[in-house]
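This report concerns only the one structure given below.
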Amino acid sequence: MEQEKHVFSIDWAGRPLTVEIGELAKQANGAVLVRYGDTVVLSTATASKEPKSVDFFPLTVNYEERLYAVGKIPGGFIKREGRPSEKAILASRLIDRPIRPLFAEGFRNEVQVVSMVMSVDQDCSPEMAAMFGSSLALTISDIPFEGPIAGVTVGRVDGKFVINPSVAQMEQSDMHLVVAGTKDAINMVEAGANEVPEEVMLEAIMFGHEEIKRLIAFQEDIAAKVGKEKMEVVLYELNAELEAEIRARVEGEVKRAVQVPEKLAREAAIEQLKAEVVAAYEEQEADEETLKQVKEILYKLVKEEVRRLITEEKVRPDGRKVDEIRPLSSAVGLLPRTHGSGLFTRGQTQALSVCTLGALGDVQILDGLGIEETKRFMHHYNFPPFSVGETGAMRGPGRREIGHGALGERALEPVIPSEKEFPYTIRLVSEVLESNGSTSQASICASTLAMMDAGVPIKAPVAGIAMGLVKSGEHYTILTDIQGMEDHLGDMDFKVAGTEKGVTALQMDIKIKGLSREILEEALQQARKGRLEILKHMMQTISEPRKELSPYAPKILTMQINPDKIRDVIGPSGKQINKIIEETGVKIDIEQDGTIFISSVNEEMNKKAKKIIEDIVREVEVGQVYLGKVKRIEKFGAFVELFSGKDGLVHISELAEERVGKVEDVVSIGDEILVKVTEIDKQGRVNLSRKAVLRDQKEAEQ
């Protein structure tokens, strides 16, 4: 039966937002076509009919970029889209995080949300359209989603907040905030900012929430008209009798195991307790389902005890106070041949960051759905399995590693010197060597140290800290510097990075349905206190960037030429510039305004390359005398090289004061002679005279 097409419209930040339902992808549980300006995104939500036998909620969110959306054909031999770009992976995570908490506890049906970007208007964010579409597709479907949610981008231009700023406005904005939530509360924040005070960030979040409420009302109105009845699902539940039996048996032992201060010893104590209880039920010949439930009940008891300790006794598993940071240590200059290195350790979390400086030609070229651009600052994050004492495959970066690397990049970018101040490409790599929570924030601290060790003149040091939350009813406890167990068993992971002056990055994920303004405000202020403490420690390790770069870092020499001369330096098909590079071993980057960056480890070679370029662009002046070298002899005269790339002709009649029969009677190839420029004709040919120089010398002697 043909389904009726429904169209709904609203204004969103001064641009039309139109939703079409019932025409496309009708076999999905829910499907919507979102048109935002000229951006078009198809969002679908699909669920399995039966629950999966797993101990987690199997949700997958995909943000699919199609290059036809911006009128491009993919590069390479295959000519089709390959692996998702970093931007697509980050967008998938951005959509996943606010919708994941809004499914019932025990829901185990597989859910897949796919957003296909089909057309892109650069001023109408496809990510925000996809987030809206994903929520609406779930809301109108028969999947038991407890939304809707919505998300907006907030910028601040000239002190005023702007919803979904255009590309031009974003260039002027001192923050880039993505906030998502339900109509009652915020449940996801992702932000980069130029050292913005905590109070301003909070106001921006709440400003965004007002727009979110309007978008949710729009979704609820659509769902009331075209939404399907929600499917009946069986929620996974623990056996109450078995739970009571195990609770009575091991409650005291769980309390003791949870309070073992050291991570590995605590994990070993919990594992031993689990093994003993499972063994006891195996002896009773319990079936597989019962043994699975035994393990899940023990996990639940551990979670309850950790949360009880924090909320009731204000005691954490490792014995710290709720606002106490783990012991800190740091060092710089660990790797002699690298350009800069920094080690940062916080409790059992440790990150080693390495800074590498390159020429401007080493920038990363970004060619996706956005405007083509380059990136001269990169921050990469690696999380090897040995960091948690496990074995595992060493593959390329996963979604989590890409997300953590991007968060560090966002946190550090506001303090990176401009290209004019520091004409280098900067790459940071953070290797997580030990992990017990907050590794992304440790990598930010280690990367700050590595840049200072490398001599990068950053505007201010940046530190990061992760805040946690345990909420029970109306009572809540905010934790400073959460460790792995608190992250895993708590309700919030709120990462805050910044300088002494203000915030440079925020990232908030929660497992509950939302957070109030009061909790956000308290978490931001508690994070500031912790951040300042960490910055103070880092400044004791290295108080300012080193004045000298590493001897192994490239030296960069900058020069300015007339932009009209750029083609002379490059030469036909790059022949001239390649000759200079071959002769000197340097890298040469030329800007459109005539700025040239020459880089190599050898300063003498930089100077040599500069001299060659100066000679190429040097202008020959009429009336000037030059010491040139005879390069070629013809019957009618001699061709003399004045300097690299500039020749002129001394006609036979201009070689001497007396009559010359043969050119070879006066000069030979290789001779150095003084010549005067007498004329530059319309074709740019240079005429020289040796006779004029001889005459001038005679007159001077008289």
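A Cβ is built for glycine as well, from the same backbone N, Cα and C atoms used for every other residue.
What Swiss-Prot says about this one:
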type	residues	note
BINDING	Asp487, Asp493	Mg(2+) binding site
DOMAIN	554-613	domain 'KH'
DOMAIN	623-691	domain 'S1 motif'
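Across the domain 'S1 motif' (623-691), DSSP classifies residues as 8 helix, 36 strand, 25 coil. Each of the binding-site residues Asp487, Asp493 was scored by how many other Cβ atoms lie within 10 Å of its Cβ, and the smallest score goes to Asp487. According to DSSP, the domain 'KH' (554-613) comprises 32 helix, 16 strand, 12 coil.
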